[in-house]
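Q: What follows is a single structure, and I will ask about it in a moment.
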Amino acid sequence: MQTTIVGYPRLGAQRELKKYTEQYFRGEITQAELLQSAAKLREAQWLLQKQKGLAISPVNDFSFYDNLLDMAFLLKVIPARYQELGLSALDTYFAMARGYQDSSGSAGQNVRALKMRKWFNTNYHYLVPEIEGGIGSEIQADKLWQECSAAEKLGLNYRPALIGPYTFLRLSLNKSAQSLDTLAAELAAAYGAILTGLARYSCEYVQLDEPALVLDLTADDSALFEQIYLPLLAQKRGQKILLQTYFGDIRDIYAKVSGLGFDALGLDLVEGGRGNLELLEKYGFPADKKLYAGLVNGKNIWLNDYQKSLAVLGRLDKLLPRERLVLSTSCSLLHVPYSVRYERKLAEKYKRRLAFAEEKLAELSALKMLAENPDPAILQRNQEIIWAGQNDPDFLNRQVREQARQAAAAEIARQPIFAARQPEQQKQLNLPWLPTTTIGSFPQTAEVRAWRKAYKQGQLTAAEYQERLKGKIKEVIARQEELGLDVLVHGEYERNDMVEYFGEHLQGFVFTENGWVQSYGTRGVKPPLIFGDVARPAAFTVEWIKYAQSLTARPVKGMLTGPITILNWSFPREDIPLAEIAYQIALAIQAEVLDLEKNGIKIIQIDEAALREKLPLRRADWQRDYLAWAVKAFRLTHYLVKPETQIHTHMCYSELADISATLKALDADVLTVEAARSDWTLLAALADYDKYIGPGIYDVHSPRVPAVEELAGILEKMCAQLAADQLWVNPDCGLKTRAEAETTASLRNLVAAAVLVREKISLPFSPKQVK
Ligand code: GLN
Ligand code: ZN
């Protein structure tokens, strides 16, 4: 039995690649220096993989920015606007990734980046290729050839990995006049050229990643897949092809794929475990192929449960001989941090339950060893560690468990319904129609960040730090009053991150020092780990909000992060269902909501920026596997408030049409959403929204200050499409990353626009009940 992985992280264990690349962006190092540093980093990783016992290493899993972008570049799917810049190959690549602005400011040299989208159900983002013309058969694969040569020089047993043509096509934007049939034929020819080029190398296999096969596939989709692959497989030049899938099972195409001329099939036996095993057992595994069995989880950070993995191997043993089996990861290890080795502050009882990328390499070797020669002592030790936390008071909270289970069984609905509580809220708040507000954060200046750093390093006492932040709150309240905003915020100066701040104040969360995971390009995130039962030892937002409210007669919003967003941006434990974790977090947030209310806060916003992110990849699973409990968890946070307390929620994406029923079911009184960034295309999807709604009227991702007339025009358009007395007026999202001056100017215009439209359209001053 051999061992391999689907892919490895590439930012570097100490985020070296991030540093080099950003140095290159700032012009501090040359292109040659960047390329050389990256090559060294890759080599070191290959050697590490070998040293940890991996039989075959993937190459070309490395990327300077993103693998789909790499593929677009290799296939010369490069929109004219980038080619026209006349840059070097690498700079053209980076222009596609990040956009391009000529510092000399000459017109026509200002080009936007490719669109970015979330990679399936992960927190990684890919760049969306734009097919403008056709796809020629001429390729520019220097990066691929160089990586193969380098691996060969090291005497490595390697396998080039590429995103496959079907997934490439499915995730690209077709702006050309070409039909899918034509593009399919062109892609087959272009990938054929890659195979021809690879024939010069000694690698036995080529890996083509086709994660799009785990999506819902229609008969047309399967036909398209075949249309690309039949001619491509006919062009094989001696090398073998591994069709690699991940993030789920391939129920819609397994039977077809088994009959095609692939030499190996890679299946995710973790996330797609149940489904893929059932398929294997139902249809059998073809005798002419190898199976790359994804047994080590590439998406989560817990120790492999060897007993479970061996049980799966036992089932596979009935289907194929071990010579045709390769032990692998469920997906690329891109989605986990580098190594537990770098965690110096984490207590041993946490550390020993973790397996990051490097530890997963060792796990593959251990699994192979155990499969060949089961060692009861190792198995027992593995079980002991995995279950050791069961009664540790840092992990176990019986009361929370019980409450979460009760919530799971109960009907959770706020009373009375919106139509009845809305007049109570209006009586208490006395807001004009088209009320103006912001999403929560105000610019986090260098000064604020420096205070936080000084506080964390012990150079500022807690009292000093708080005093300074209170100073900022005082400033921002005065500024909002001066601007004439109707509903104020405290600015979120105490938060570095909307999830981290909450995790830090809740039991059950653990933070790493170096657990970085690539989010996109050179950006990493450090998700908290949910180790144990979640509980809130004490209120942690109330003092800030109470202070802000004490400074003004206008309502200040309590500002909380919702349970689903906290869950989705963390590494969740796996010993209880996700729904139960969500209910536990929801109960903690509920306690905070009720404390805010008790302290006189009349409006509470519970952000669910990431609600949509973990929607199951298959529509049939949306409700049962996710939305049903996600909605319930959100309702659990607020259903006990008084009728006159107004609940807001906020979301930062515009694809709302397919979850419009869910939005209603959340039962928040006011929903603010990103809309400007997507040119208000979502307004149609909101037509039947039944409560207050604030589609953003300007994009917060740009420093541009929108003019009053422009904003008023947008508002009027919104008033025409939705009920005018249903609307709130706000930006797309928080203002944390903006500069102070442009923020003040934009908000001044936002308020002026609302005033203008209020005067223009005469409605009763007090909003009537919305639908
Ligand atoms: N309240 C948060 C803020 O204003 C919301 C952030 C977000 O939606 N991503 O920053
Ligand atoms: Zn947002």
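Here the Cβ of each residue, glycine as well, is placed from N, Cα and C on the backbone.
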Q: Quick one: which of Glu492, Glu494, Glu655 does TrEMBL put in the L-methionine site with Ile439, Gly440, Ser441, Asp607?
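A: Among the candidates, TrEMBL records only Glu492 at this L-methionine site.
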Q: Taking TrEMBL at its word that Arg15, Glu16, Leu17, Lys18, Lys118, Asn123, Glu613 bind 5-methyltetrahydropteroyltri-L-glutamate, choose the one of Trp544, Trp569, Trp680, Trp728 listed for that site.
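A: Looking at Trp544, Trp569, Trp680, Trp728, the one TrEMBL places in the 5-methyltetrahydropteroyltri-L-glutamate site next to Arg15, Glu16, Leu17, Lys18, Lys118, Asn123, Glu613 is Trp569.
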Q: Which one of Cys331, Cys733 goes with His650, Cys652, Glu674 at the Zn(2+) site, as TrEMBL has it?
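A: Looking through Cys331, Cys733, the residue TrEMBL assigns to the Zn(2+) site is Cys733.
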Q: Please list the binding-site residues from Arg15, Asn123, Ser441, Asp607 whose Cβ falls under 6 Å of any atom in ligand 1.
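A: Listed by sequence, the hits are Ser441, Asp607.
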Q: Other Cβ atoms within 10 Å is the metric here; tell me which of the binding-site residues Ile439, Cys652 scores highest.
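A: Highest number of other Cβ atoms within 10 Å: Ile439.
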Q: For the recorded positions Arg15, Lys118, His701, work out the Cβ neighbour count at 10 Å and name the residue with the minimum.
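A: Ranked by other Cβ atoms within 10 Å, the recorded positions Arg15, Lys118, His701 bottom out at His701.
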Q: To the nearest whole angstrom, state the Cα distance for the pair Asn123 (5-methyltetrahydropteroyltri-L-glutamate binding site) and Cys652 (Zn(2+) binding site).
A: 14
Q: Please report how many Å separate the Cα atom of Ser441 (L-methionine binding site) from that of Cys733 (Zn(2+) binding site), as a whole number.
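A: That separation, Cα to Cα, works out to 9 Å.
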Q: Long-range neighbours only, meaning 6 or more apart in sequence with Cβ under 8 Å: which ones does Gly440 (L-methionine binding site) have?
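A: Counting only residues 6 or more apart in sequence, the Cβ neighbours of Gly440 (L-methionine binding site) under 8 Å are Val489, Gly491, Glu492, Lys557, Met559, Gln605, Asp607, His650, Gly734.
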Q: Cβ-Cβ under 8 Å from Glu16 (5-methyltetrahydropteroyltri-L-glutamate binding site), same chain, 6 or more residues apart: which ones?
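A: Glu16 (5-methyltetrahydropteroyltri-L-glutamate binding site) has long-range Cβ partners Ser37, Leu41.
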Q: For Lys18 (5-methyltetrahydropteroyltri-L-glutamate binding site), identify the closest of the recorded positions Ile439, Cys652, Glu674, His701, Cys733, judging by Cα separation.
A: His701
Q: Which of Glu492, Glu613 has the fewest nearby Cβ atoms, counting only those within 10 Å, among these binding-site residues?
A: Glu613
